[in-house]
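If you check TrEMBL, you get these features:
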SIGNAL    1-24  signal peptide
TRANSMEM  227-250  transmembrane segment
TRANSMEM  292-320  transmembrane segment
TRANSMEM  326-350  transmembrane segment
TRANSMEM  362-387  transmembrane segment
TRANSMEM  393-415  transmembrane segment
TRANSMEM  453-472  transmembrane segment
TRANSMEM  484-510  transmembrane segment
TRANSMEM  522-542  transmembrane segment
TRANSMEM  554-582  transmembrane segment
């Protein structure tokens with residue numbers, strides 16, 4: 001066990017140092033007058049569909065020279081970034097006024113493609129010295145027109161770059177489009193276009209270390225902070241109410257139970273037992289489908305460990321704005337390195353439940369989360385290939401991910417499984433299990449599994465739903481989420497509420513003489529994931545403007561995988577809390 005803990009610490013250090021190295025390798029260039037500063041065109045896409053992005057030169061833009069591709073890290077490729085040299089030259093401290101970038105004669109089909117892009121609010125993204133900039137491709141003139149067939153479509157042909165510098169470093173860049181320098185692309189006819197640009201420079205006192213603060217200010221504005229803190233207060237009130245409920249009701253009931261059972265033992269040995277003590281001979285009877293149960297527990301524990309490490313990296317400032325590549329890299333690397341935790345937890349618990357086929361259990365553990373994720377990826381990557389979008393991963397990237405899975409994830413899973421099998425730990429049950437299970441009495445409908453899951457998931461979801469909007473707007477929009485400390489507090493509250501509500505429902509289940517609490521506690525703990533997926537439906541149709549088959553399939557496909565991960569993680573938390581509670585109360589009474 002000590003080796004496992006030391007290995008987990010090593011994983012954290014390795015991931016932290018690796019991702020921090022990605023950050024430190026970000027642009028720290030110093031320039032002299034007329035030095036070439038790299039400007040890369042990244043991608044274009046409809047503003048309301050963040051997953052549907054295309055390469056810059058998939059559209060008929062012209063180039064001032066040979067197009068060079070920038071070598072990108074794994075996380076950048078997973079994020080859909082495809083950087084190539086832009087047609088504009090922004091040399092350091094070099095002013096330009098209406099400089100010609102390139103000229104091109106657009107064919108009819110190219111004009112139609114630009115018109116379609118303008119009608120769908122297509123934007124472009126570029127990086128200048130690792131600073132992101134955006135702009136729209138064109139505009140639609142609807143003034144005084146009610147019939148869409150009368151709309152006029154214009155393509156912007158002139159960009160105005162405004163760059164701020166501090167001595168020999170680039171600090172900030174903005175790009176504007178000139179609304180008067182446009183090309184009419186309403187009709188399908190050949191057009192000669194001359195793309196031009198202007199470059200302005202101004203000095204600033206902002207230091208190089210603070211240049212990224214501009215991008216995180218939106219999430220830390222006063223009114224946004226008030227909403228975040230309201231979310232925290234709302235969550236804390238939920239926790240306090242739930243804790244108060246447990247303290248005043250559940251603990252009092254338990255105390256009365258302990259007194260009653262002690263009195264019954266002294267007064268009448270042959271008196272019939274009732275309540276949760278009545279089923280002491282069945283409460284630790286191993287659950288059905290124990291291999292699947294152990295696999296779910298192992299996968300949930302791994303995902304909980306992954307979330308913990310990601311929060312550690314976020315809180316130390318690794319995931320600075322517009323370096324999403326670091327987040328994706330961290331997710332892949334840490335998931336691969338923590339697979340040993342899943343193997344150890346699943347195999348150890350499976351053997352405690354007297355399981356014999358631990359190899360099959362290990363295979364089930366390895367595929368329980370990765371299997372659905374892999375099938376979802378195959379389908380969505382095929383969709384992206386059909387759309388020719390940048391979300392389609394290059395073959396080389398797929399090979400790299402496969403090698404990580406084959407050479408890191410799988411071996412560590414097997415090693416963890418072997419360590420768990422050889423741990424020789426025994427299941428600690430304070431009561432002997434009878435040979436034959438008691439019959440469960442008929443229960444009212446609200447004590448069935450689905451109503452209990454609905455009750456169990458509602459409270460944890462109500463503690464986090466306010467914060468969910470900002471997370472969704474960051475993942476599936478263009479907002480930036482940087483207040484990780486608040487998110488971490490919400491995550492801790494989510495874990496506490498999940499554990500408490502699962503414990504409370506487990507007690508009521510046992511009090512009703514229903515001893516099949518194992519799967520129920522896992523399902524009730526993980527039911528918050530189902531509520532989050534229901535919120536996805538609301539967010540997509542009521543709060544977003546996303547549309548199209550590709551964006552819809554990406555949103556619901558990947559959100560299904562994320563919510564499934566939450567289901568496993570919170571299910572493991574709920575079961576662990578319920579197991580601790582059940583052991584505690586049966587330790588406190590005398591069981592014959």
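Each Cβ is built from the backbone N, Cα and C atoms, and glycine gets one as well.
Counted over residue pairs separated by six or more positions, the transmembrane segment (362-387) shares fewer than 3 Cβ pairs under 8 angstroms with the transmembrane segment (453-472), which leaves the two as not touching. Looking at which of 227-250, 453-472, 554-582 has the most CB pairs under 8 Å to the transmembrane segment (292-320), the answer is the stretch 554-582.
Sequence-distant contacts of the transmembrane segment (554-582) (same chain, six or more residues past either end, CB-CB distance under 8 Å): 51-52, 283-284, 296-297, 299-301, 303-304, 307, 368-369, 372-373, 376, 379-380, 383-384, 391, 456, 460, 476, 494-495, 498-500, 502-503, 506-507, 510, 517-518, 521-530, 532-533, 536, 540, 546.
Here the transmembrane segment (453-472) has Cβ contacts under 8 Å with residues 219, 224, 227-228, 230-231, 234-235, 238-239, 242, 479, 481, 486-487, 490, 493-494, 497-498, 501-502, 505, 523-525, 527-532, 535-536, 539, 543-544, 570, 574 of the same chain, all six or more residues outside its ends.
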